[in-house]
């Protein structure tokens, strides 16, 4: 697009100001625009500073220029429009009278110029400054007088004699602009509708913004209120925790005081340890209390009375009258000294009295024996409590410390070789826990410490992944100092099975079966996870009674000797090597664990199956099947378990044949004939009675279905008889018939 420089506008007269331009008729302004800028031009005034010259843009499509337009002197008031002006002589236009309030006079109707009229070019002098602020056009065809006066200044072309002095000037840096006219079908109604719609949209948005702002303020206010409430609740919670801690400590101190008071009373009643000197050493010996002394006196009295009764019976036998009295015998004169013989009636009376006294003493002796057993159980508890109190008084955690800013220690539950188990309270979760504190001896060498820590971490790594209702949960592990760390376990209110057996000696078969079922369920879980786990140290001391009763839930614990059956070291056919031979509790380990050879013995989950059989036997009969009343050293020296080829059952108490058969399966001497844990879990004896009855009936029906058509009626009749007997006697089982 080619551009042309716009001619410089001549200066306006000195006495003419902007008011003269403002007074022009809009029609005249339009004519002036067409005159100076051409017919097809579009220009756009631009705002510039007062110090810069004004620029005008001229459309190059117009064939009219400022120098080619000539105006006749006689027609100074007539200006040809671009669309109608052909030649000055063809058509002239008369100037209309326009009332003016300014200095400009009106043109005459005749078309000739008046003598005092001024030409258009006289209004613009050369000394007029072209630097006017130009206001951009708003798209109208002709600007308003104010816009014309401030937006641009136009000058009429002069003759050739004045062309050199009246050439339009350009600024040093011209600005070019191009516009394009676009045709549209929009009407004013549409525009107004769009405007009203946009206004309504804006109002809706403003209203929405206001609502959101109000909601935001409300949410901020609620957030502030909730934060204040949260802080208040935190303060209250902290106060509650402090109160809980103080109450728990007070309760623990009260329990300690009551326990020690009761223990002092039992010292006199049941006995106590007395330090005595033996040679150059002082040892503690047990001295029974007055309860045992009185019981011993009663037993001595009963024994004395029994001896007296036996003596009287011997005398009575001597005074027994003879069966046949010879009336014809002659009496000699010699009289024999001695007691008078008793009559038959007197003899039998005396004999009956002695028998009753003997029976009474026998019953009293039996009662004293039961009382003695009860006192012995109480004495065992008393001795256990004395040791616990002694260990608690010497513990470094006796002042109720808070470990890890969370666990409040309350009392000592027990102490092992290198660990203590404390009853604690989790202040965060608000629950009782068992804190097992492992303490390393400061005098140990570093390799021994590392071995103990490795063993404890191995137990932790096995236990932390276990999640079963019959296994004690492991909650947390943390370090206390350089020589001690703590494992937090699930707390069980009751005692272990070993404590219960010491108090009650034996358990009825129904309750014992329930304990074994729950134990096998936990062992099945250990063998179904990947990799499987062998407990290896299953015993009554590691079976916890949740409610302290054998009729409740149980949980197994203590995975310190457990073995992981990973694919690298375990083979399903031969098992895995026993690397810790000699560890464990010997009464509950199978014979293969005691085999000594060049290579370590192979073990599998069948180790736990043997332990289950021993525990079940001990629950039913109150004693261990092998090595009862023997120490572990004696068992190891005499090879007691290696000689345990067959189990023997006492006659009392009575036990069902199914229970005996189950124990025989578990205590198979050769591990090849012993079932593993998964097979033991599906044993018929462990199934509920309803499932066993249904299984047996299905078995009978499947066996009878193979008979011929003639024997169907007989088979149905033979099937009805056991069904009737089953309904009449719930204790009947088909396993006895088809074993």
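Note that Cβ sites are derived from N, Cα and C of the backbone, with glycine treated the same way.
Of the listed segments 356-392, 393-429, 430-466, TrEMBL assigns coiled coil to 356-392. Using a Cβ-Cβ cut-off under 8 Å and counting only residues 6 or more beyond its ends in the same chain, the coiled coil (356-392) has close neighbours at 256, 259-260, 263, 266-267, 270-273, 286, 288, 291-292, 295, 298-299, 302, 305-306, 309, 398, 411-415, 420, 502-503. Cβ neighbours within 10 Å of residue 436 (ATP binding site), excluding its own Cβ and spanning all shown chains: 23.
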